[in-house]
Every structure is written in structure tokens, then in C-alpha cells.
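A.B. asks: One structure coming up, written as C-alpha cells, with questions to follow.
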């Protein structure tokens with residue numbers, strides 16, 4: 001059987017650049033090399049695309065705090081549409097190896113917000129994960145919450161700040177509506193980038209300023225007292241949910257360093273120590289949230305489980321991490337689907353959706 005060429009797109013002009021490098025390394029290591037050849041398409045912090053050497057594409061690969069994309073001499077350009085050579089060398093115009101399917105693992109801005117997905121759609125390339133609309137909606141916490149709320153799903157009460165209205169909403173108003181503690185977040189960031197826990201007016205002002213450094217829109221959320229539970233969802237039209245896992249914190253909240261740098265900042269418990277009926281309840285809610293937002297391929301649904309066993313949806317991540325400590329692959333492994341088979345299934349789902357899209361009529 002002829003191998004498929006999988007283009008792994010990673011890195012990116014994003015605050016989550018280093019997380020993406022870690023994810024890409026694990027996917028490259030785990031992919032079924034009897035079925036797939038890998039083409040590494042690295043995006044540096046300036047947004048320039050490169051074709052990377054699979055044997056030597058990372059610096060400090062085993063150090064999450066200092067991992068970096070090794071510079072490459074080959075810059076990449078992409079030709080939209082159905083072409084034999086979709087990728088060309090940007091410097092000399094010569095064709096580069098073709099790819100059959102793209103596995104995007106660019107976390108954060110321009111990677112999981114629909115931007116990259118739109119480019120791949122225009123290029124007529126199959127790709128792993130959700131389409132443009134679902135990616136954009138899940139990236140924007142304000143939009144996510146509105147859609148989940150309209151579907152009757154439980155979310156934390158919140159207020160949305162913009163640069164236009166931020167000075168018209170006082171801390172007293174926010175505290176009156178949401179109470180304390182509060183969580184202040186950039187609307188369009190992941191991995192807890194720019195997120196602050198707030199218990200005072202002074203902290204609130206600092207937190208809002210920080211969040212606006214990363215986005216034009218900021219979410220202020222009521223702090224929910226509860227356990228942090230995560231569930232992995234996989235599939236297109238008939239998605240399946242994994243067993244649940246729990247993030248047990250040793251720090252104040254699940255910040256960026258806790259997730260990716262400080263190995264002692266949190267403990268990942270899979271499966272979560274919850275009653276079977278609660279596990280099933282969360283799995284059903286995760287699938288409902290996934291379908292409400294129109295997700296495809298994969299997503300991780302994060303919820304809070306209150307002491308009263310109320311499930312409050314926190315967020316939906318359409319390109320979850322594949323780092324050494326990432327929950328998504330661990331949840332499927334605990335559910336009987338190993339890392340290599342998970343990657344294979346994600347590629348299959350991408351090809352299935354692309355075939356279905358191409359079967360749609362484009363003329364009257």
C-alpha cells in the first residue's frame with residue numbers, strides 16, 4: 001500500500017509557539033511510519049513557513065522552557081486549488097514534496113482560530129480537526145459561551161469587555177454581578193495565556209490590562225468552585241467521548257507554567273476518580289457541546305464539577321495539546337485507543353470529511 005504524505009504544520013506566530021513544538025515532536029515520534037510519510041512544515045515566530053528536516057528540526061527538544069524551531073534555509077509558499085505541486089520553494093519557485101493531508105498542530109492565534117483552516121480549505125487540502133466556523137467559535141470564549149448558553153448548556157456567568165466599553169464597566173458592577181474571585185481572560189487565547197485570578201479591585205485593573213495585551217476582547221468570569229474535569233471527543237457526524245480525566249492542582253489555578261513548565265504544578269489523573277454515572281453525564285455533555293459548536297475530528301471539552309455534582313462547561317479546545325503531559329491523548333489511551341492509532345484515526349476522519357465536502361455541489 002502506498003504511503004500517504006502527512007504535512008505536520010506546527011510552530012506559529014502565537015504565544016503558544018513552544019507548546020506547538022512539543023506537540024509536533026510527539027506526533028512525529030508516534031505516527032505510524034508504515035502508513036505515513038511525514039513532511040514537516042514549521043512556522044517561525046515571524047510567521048514565515050519553512051520545510052524542516054525531520055531528523056533535526058528542533059533546538060532543546062527535551063526542554064519545554066527552551067524548546068525552539070531550528071532555522072531552515074527552505075522557505076515555503078503554497079499554491080491554492082487542485083495542483084500537482086501544492087507547495088513550492090518561495091525563494092526559487094521550485095516544487096516541493098506534495099502532501100495528501102495536513103495535520104495542523106499550531107495552537108492559539110492564527111492556528112486554531114479558523115485562519116489556518118480557511119487557508120487549507122481554499123487550497124483544497126484535507127486537514128485534521130474542525131472547520132473554519134467551529135474553530136473560530138471555539139477559540140473565542142465569548143462566542144463559545146453564547147452558543148452553549150443558547151443550547152441550554154451550563155456555563156459560568158461572565159461579562160465581555162472590549163476596548164470601547166472597558167472603562168464604562170466599573171469593578172463594583174463586575175463584583176456585584178459575578179462576585180469574587182473572578183477570572184480575567186483574553187477571549188482568543190489558549191493555554192491560560194494572559195489569564196489572571198482576581199480577588200481585589202487592584203488585581204482586577206492589572207489583570208484587565210494584561211489580558212488586553214493579548215486580545216481586543218476580554219472575558220471576566222465568575223470563579224467556579226469545583227474540580228477541573230476534561231473529556232476528549234473524537235469523530236465527525238457521530239462523535240464519541242473518552243473517559244474523563246482530572247487536573248489536580250498544587251498551585252492556585254491552571255496557569256501556563258503549571259501546564260507546560262512546572263512539572264509539579266499539577267497532576268493529571270486518568271481516569272478521574274468520579275462515580276460512573278457522573279463520568280457518563282460529563283461524556284454526554286461533552287458530545288452535546290461538541291455538536292453544538294459544529295466540531296469535527298477532535299476537541300477536548302473542559303468542565304468544572306461542583307461539590308453538588310453540577311457540570312459547568314469551561315471551554316472547548318479544537319486543537320488540544322499533544323505534549324508529554326497533555327490530557328487528550330492520555331484520555332484516549334485510557335479508553336483503549338493508543339497514541340499511534342489515535343493519530344491514524346484523526347487522519348482518516350480528515351480524509352472522510354474532505355471527501356464529503358468535495359461531494360457537495362458547487363454549481364446549479
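Each Cβ is built from the backbone N, Cα and C atoms, and glycine gets one as well.
Quick paste from Swiss-Prot:
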type: BINDING; residues: 175-230; note: ATP binding site
type: BINDING; residues: 302, 315; note: Mg(2+) 1 binding site
type: BINDING; residues: 315, 317; note: Mg(2+) 2 binding site
type: DOMAIN; residues: 145-348; note: domain 'ATP-grasp'
A.B. asks: Taking every protein chain shown into account, which of the binding-site residues 182, 210, 224 has the largest tally of Cβ atoms within 10 Å of its Cβ?
C.D. replies: 182
A.B. asks: Using a Cβ-Cβ cut-off under 8 angstroms and a sequence gap of six or more, which residues of the chain neighbour residue 302 (Mg(2+) 1 binding site)?
C.D. replies: 228, 229, 230, 313, 314, 315, 316, 317
A.B. asks: Are there residues of the same chain, six or more positions away from residue 196 (ATP binding site), whose CB falls under 8 angstroms from its CB, and which are they?
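C.D. replies: Spatial neighbours, sequence-distant, of residue 196 (ATP binding site): 183, 184, 203, 206, 207, 210, 211.
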A.B. asks: On the three-state reduction of DSSP, what should I expect for residue 189 (ATP binding site)?
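C.D. replies: Assignment for residue 189 (ATP binding site) reads coil.
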A.B. asks: My understanding is the cutoff is Cβ-Cβ under 8 Å with a sequence separation of 6 or more in the same chain; which residues meet that for residue 189 (ATP binding site)?
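C.D. replies: Within the chain, residue 189 (ATP binding site) has Cβ neighbours under 8 Å at 15, 16, 108, 109, 195, 214, 215.
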A.B. asks: When DSSP is mapped onto helix/strand/coil, what comes out for residue 196 (ATP binding site)?
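C.D. replies: Once the DSSP labels are grouped into three classes, residue 196 (ATP binding site) ends up as strand.
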A.B. asks: Enumerate same-chain residues with a sequence separation of six or more from residue 175 (ATP binding site) and a Cβ-Cβ distance below 8 A; give 'none' if the list is empty.
C.D. replies: 182, 201
